[in-house]
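Per Swiss-Prot, the features are:
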BINDING   Asp32, Val33, Glu34, Tyr35, Asp36, Ser81, Leu82, Glu121, Arg144, Glu181, Lys297, Lys321  NAD(+) binding site
ACT_SITE  Lys123  active site, N6-AMP-lysine intermediate
BINDING   Cys415, Cys418, Cys445, Cys451  Zn(2+) binding site
DOMAIN    703-787  domain 'BRCT'
Amino acid sequence: MKAVETRILELRAELDEHNYRYHVLDEPSIPDVEYDRLFHELKALEAENPHLVTPDSPTQRVGSAALSAFTQVRHEMPMLSLGNAFEENDMLEFDRRVTEGLDLPAGDLFGAGSKVQYSCEPKLDGLAVSLLYRDGALVRGATRGDGTTGEDISVNVRTVRNIPLKLKGKGWPDVLEVRGEVFMSKAGFERLNASQLEIGGKTFANPRNAAAGSLRQLDSKITANRPLEFCCYGLGQTSAEIADTHIGVLETLKKWGMPVSHELKLANGVEECLDYYRDIGERRLTLSYEIDGVVFKVNNLAAQRELGFRAREPRWAIAHKFPAMEELTELLDVEFQVGRTGAVTPVARLKPVKVAGVMVANATLHNMDEVARLGLMIGDTVIIRRAGDVIPQVVQVVAERRPENARAVQVPQTCPVCGSHVERTQLIKRSKGKETVTEGAVYRCVGRLACGAQLKQAIIHYVSRRAMDIEGLGDKTIEQLVDEKLIGSPADLYKLKYEQIIDLEGFAEISSNKLLKAIADSRQPTLARFIYALGIPDVGEETAKVLARSLASLDRVKQALPEVLTYLPDVGLEVAYEIHSFFEDEHNRNVIDALLGECGLQLQDQGELGAEFAASTTLEGLIDKLHIPSVGPGAAQKLADRFGTLEAIISADWLDMRQTLPEKQAKSVRDFFDDSAHAERARAIEAQLKDFGMHWRSEKKTVEGLPLAGQTWVLTGSLERMSRDVAKEKLESLGAKVSGSVSAKTHTVVAGPGAGSKLTKANELGLTVLDEDALLKRLTELGVAVD
């Protein structure tokens, strides 16, 4: 028994240390799989020895029985709110009051010169909580409530992964109350809403609501499954002082295992506070969590005590708020716009309101499912949210303010642009050889390029920088060309005459000739650029590159069956069907034929089948992709090893099949191929793969055909002989992965003039660094043209 108890204590200590390194220091020392192994070992030992389970064990974060209600908790030291600053003048006034309150006339010394030192940290947009530790163990968690009385949420805070159940180290007071914010990261919020949608559950308007709703669950098992995090920002009651400054307090708490903001900083005077505010304001949208301002506190704790409090807020702290990202306004109407693929999308027309410093009159509604989820009606009062460059969106309806004359939102039966019929899309779910059809969220105009809106967006996409890269064709010019009926498809761009262009608004002789040259220069695109330019639904730039690299010819891409396309990396069955359907469409084929025929486009980089694709096409892979009920990858491998060919599997007798697989799986295979449609489909897939030059091998091969396969390259600084996009394409054609960040896994860094921190890090890690000349030489050696 002693050995078991010792092992349990060892595991707890080790897991606590790893939790500390992961959540507080952000320096994980072991992979997740090893952490999971240790965790499950501890969990198993505690299950066998329940009398050894303690409340501070890492296993005790999974939640307990649901409560009927939260009990009330009185805060020994009130959790007060902070005063707010909205303008720089408010901060200057705050600093003046602090200086006068400390009786510090100009020229007197305090810390550094006559300036007051302030701690600076982001104001997290979450839920304030109090954590009470006795003898280093967490004994209670409570919400802020009204500042005097909160709710006991102890069982819930114990499930938050980065809240220590027992403090690290030693020297902590007998009684220690830590205060901070429970919040949800942006990524965690997106994951939560996605999972809620999948199960038909409630979604949340923003991360703050999600954090608050998750933390105040009566069933702590629900809280345990929510991606909550904690960041401490100060102390409540303590039985002993732990530092002389606020930053000293936080640094000490960090040593004891408490997560502290990575953005914590000391400012020497109010001007440095304003610099901090501006800096973090510029970086606000790049942070992994949402903040609604910055909190400044007098750093010296003795000075804090001297300044004291007024009403319900401290005189020594202030929250400098950012402009609001959410506002209330009225929904005046819902109009519908038509996109490149014909999607008819609702757009909210709003009573203009200022959100995050910008006047907003329109907001996206995504689709009619979103309108239904919100319960939105014209005339409603709604909450609008805007974050940086993100299009403003309606996140919530204030139902209690709905007027009596509110109207339902109706989808138009005909396209608002061209008058064509509008139909609701269908979603086809394919699994285990069966198809399930459900209504989609998107409504679509069937007018295709006869619809002016679709034509304009299709041309804008076709000429864009990452597609055909035709300079001089801006959105307004394309609108003119379409409105004047000078173009009716991408192919018509190549038929434009000088006389037609010079008559357009904004064009003269030089600009007209430059545009004609840019159009002519686009006649030799790479296969990847051309595929992307076609605007195939769900096919972005990276998928287009995969198609080009793997199949290496437009004919193969056009002919490829959906199941064949799923052999490609990151191409799932639904996307494969979108690609296949696009090339099956007669209208799309006519446009492509015109581009490659009368327009004279010549696609580059076509040739032999890609080595990566060739290595992935195995017989067991084909069997697995047929989605035979009860037959997974393991059974598929057994069939491939036993029979060697598809025809042998189809024609195998019962005895052979039964010797290979258990009865249930054997029967499933026989039943599947007894359906002639299934057998013929499998033969068609195999025939196409063989037409592409494949032959079966029972084992998956390592890709060796591409000289830079498995290598990660990074481009930094500027290049003179070619753009970074072109350099990236050429490296990727050789099998390299081109990343935006340098790490120990990086193989080579290409550094041009202006290279900064990435080059510094590469040198620190001892990585191979090439200049542009060395890159061009390397590409030439590998047979890639660089001119």
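Heads up, the Cβ atoms here are built off N, Cα and C, so glycines get one too.
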Same-chain residues at least 6 apart in sequence with Cβ under 8 Å of the Cβ of Lys297 (NAD(+) binding site), in sequence order, are Tyr118, Ser119, Gly234, His246, Gln304, Trp316, Ala317
Spacing of the two Cα atoms, Lys123 (active site, N6-AMP-lysine intermediate) and Leu82 (NAD(+) binding site), in whole angstrom, works out to 11
As a whole number of Å, the Cα atom of Cys445 (Zn(2+) binding site) is distant from the Cα atom of Leu82 (NAD(+) binding site) by 53
Given the binding-site residues Cys445, Cys451, the candidate whose Cβ has the fewest other Cβ atoms within 10 Å is Cys451
On the domain 'BRCT' (703-787), the mean of the pLDDT values is 84
Excluding its own, the Cβ atoms lying within 10 Å of the Cβ of the residue listed as 'active site, N6-AMP-lysine intermediate' add up to 20
Rounded Cα distance, in Å, between Leu82 (NAD(+) binding site) and Cys451 (Zn(2+) binding site) is 56
Rounding to whole Å, the Cα atoms of Cys418 (Zn(2+) binding site) and Arg144 (NAD(+) binding site) are apart by 56
In all the protein chains shown, the tally of other Cβ atoms within 10 Å of the Cβ of Cys415 (Zn(2+) binding site) is 24
Taking only the CA atoms, the spacing between Cys415 (Zn(2+) binding site) and Arg144 (NAD(+) binding site), expressed in whole angstrom, is 52
As a whole number of Å, the Cα atom of Cys451 (Zn(2+) binding site) is distant from the Cα atom of Arg144 (NAD(+) binding site) by 56
Around the Cβ of Cys418 (Zn(2+) binding site), other Cβ atoms within 10 Å, all chains included, total 18
Simplified DSSP label at Arg144 (NAD(+) binding site) comes out coil
